[in-house]
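Notes follow the structure.
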Number of protein chains: 2
Amino acid sequence: MWPVVGIVGGGQLARMTYPAALELGVRLSVLAAHPDDSAAQVARDPVVADEKALDDLEAFAKACDVVTFDHEHVAQEHLRALEAAGVPLRPGSDALLYAQDKVEMRARLSALGIPCPSHRIVAGPGGVASFLREHGGQAVLKTARGGYDGKGVWLVDDVTPAEVVAEPFRAGVPVLAEERVAFRREVAAMVARSPHGQAVAYPVVESVQRDGVCAEVIAPAPEMPEERAVEAQRIALTVAAELDVVGILAVEMFETTEGDFLVNELAMRPHNSGHWTIDGAVTSQFENHLRAVLDLPLGEPQARAPYTVMVNILGGDLPEIYPAYRHVMARDPGVKVHWYGKSVRRGRKVGHVTAYGDDLESLRERAWHAAEYIRGDIDE
Amino acid sequence: MWPVVGIVGGGQLARMTYPAALELGVRLSVLAAHPDDSAAQVARDPVVADEKALDDLEAFAKACDVVTFDHEHVAQEHLRALEAAGVPLRPGSDALLYAQDKVEMRARLSALGIPCPSHRIVAGPGGVASFLREHGGQAVLKTARGGYDGKGVWLVDDVTPAEVVAEPFRAGVPVLAEERVAFRREVAAMVARSPHGQAVAYPVVESVQRDGVCAEVIAPAPEMPEERAVEAQRIALTVAAELDVVGILAVEMFETTEGDFLVNELAMRPHNSGHWTIDGAVTSQFENHLRAVLDLPLGEPQARAPYTVMVNILGGDLPEIYPAYRHVMARDPGVKVHWYGKSVRRGRKVGHVTAYGDDLESLRERAWHAAEYIRGDIDE
């Protein structure tokens, strides 16, 4: 019996999971809001439905052996209702809670002794002022739920206007204040874990953010001593096991100037920090996510080249990118460009470029050139 | 404008082209005879139609910018009618003729001075007898059209029963007699060529046949001196240019005990001898086929590892292969298994396994073990 995996959400993560399913011989059924969504464009018989409606989710799940997710935004009450009806969700609602709610996540990780930035729930601007006084006049405010890619996050300090400090509280969900970590860089540790507890750890990567959005990933993180990489992997494996995560878990961390790791965010699905694995690892994050949710033995996570660099292609000033794409292909027949089938909007992730090999500086130059040329930031 | 590529035929070659299209951001429209055909299973909105009916082909082509093929079996009269109606066929009918008709192929290659086995058209068993007398009592009979994977091919000698010698003539198409080449091994040279004439050559591979069907491919062909590999690539590039092939061309050759090459067969589409490129080359044959038919710049054909071994999985005694598949994944997390979504029939190609790395003997052992275990030939 060849199983059917249902994936809720039709974004680029579901789209990039599709080739992995095809090669594994597994059917991937995509639930998407629109037939033109990134994954729905490519999937056989996409299910166009409303992931906010429990009825739609239930009908979708009936035709699947297991259900997984393109994102973490399905409501907890729906996840629990599906599980009560016997639907195998992977990851399950208990695990997903910690990827959905930053207050729950901080509490749970702290209880496990996982190092996190100093943080506390603040009730309003007065609480923010106290937190700022105790943390050198700088803080990050985050709504407990609903944030991603820089949304739901505010950097505040002593001179931030009162109306900005008041903003996070308007959503009516708890607000966390966190210290502004003096970090050397951001890194991510990715693991895949299956229901019976097998887990594999990918090489730890450096993740370069611009304007709160991942811009570049370097695998492995350069100049990270082996024992530090193992420590980052140990943190991710601990989180996966303790939270009973099934599938891919990405743990985004700050590496401090002292070389310590502080957990920033969790993602329980294939993640931007793992896109390099399509071209750069023996088994991609997408294939290992599927293997994990099906409780199949996991594939090797090792890198295939000394370095792999991934640069996101964001929508820019060129509405029509096909001609720029042709140019990039002609200039560098060794870079791999991946498209998400999305229309171009300024700042929107529409694809990514991968380059792999020995010489990190040359790989970074090649990947950035391709991404910036397609974006329209450079014209030669 | 992002183009739509139409592919006629819903077999595993179209299926494996699908992920390449997805990553390139190109829409691949699949014409298949049945909605459950290998490629139709995975493609968005497959067109279920009869490729033998010109009306169906015309309707299909109307929604495509260019049309390419999963196989070479579309009738010449249909190809020419489509071209007369302005449909860009890639490769075109003039080129495809030489992949469809072995008599035409032999005549053209011989005229170009490309080394081929000694051959001639024979009109009946009497002609076969003369040919046998002149060629040491051994010959291969081939029908001009309709053969593949050992079909349409007969090995005959002095003691072959008369009814077997008469068989090839029953189809009513010309029959070629060819010398039985004393070959050291079979090799294949693969190139991709675009309409404006750019071409790239893949590493030359050794192809191991069993019962007339490709069983294993080793990339690159072991112990082949560089200048011999370049000679094989030169032959393939010459054939592609002279026959105006667009897309992938695979040239199957005999390497004689003296180290010379004699062309055996041509395929103008992704080919079994290039499946190793999915995991083993910078740009897969499927991606370069699409780039070529779209006249996009071609991608690098280089190998990513010192050796890549591909072994076909043929249907065997296990009708239900999923449990065997699980076992193989657990035993060897580094082999890559690719499934075609086909039901298991004895001897049918249902998938392939790839292993890559440094140690050829170990890679061969691993890939063969996986394929034979799944087939049911071994149970440990």
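Positions of Cβ are set from backbone N, Cα and C atoms, glycine also.
Record check: TrEMBL places B:K102, B:E178, B:E179, B:R180, B:V181, B:E186, B:N264, B:E265 at the ATP site, and the matching candidate among B:K142, B:K151 is B:K142. Between the listed binding-site residues, namely B:E178, B:E186, B:E265, the fewest other CB atoms within 10 angstroms of a CB are found at B:E265.
In this structure, B:R180 is the one among the binding-site residues B:K102, B:R180 with the smallest number of other Cβ atoms inside 10 Å of its Cβ.
In this structure the residues listed as binding ATP are B:K102, B:K142, B:E178, B:E179, B:R180, B:V181, B:E186, B:N264, B:E265; their two most distant Cα atoms lie 18 Å apart. For the recorded site, B:K102 (ATP binding site), the DSSP three-state label reads helix.
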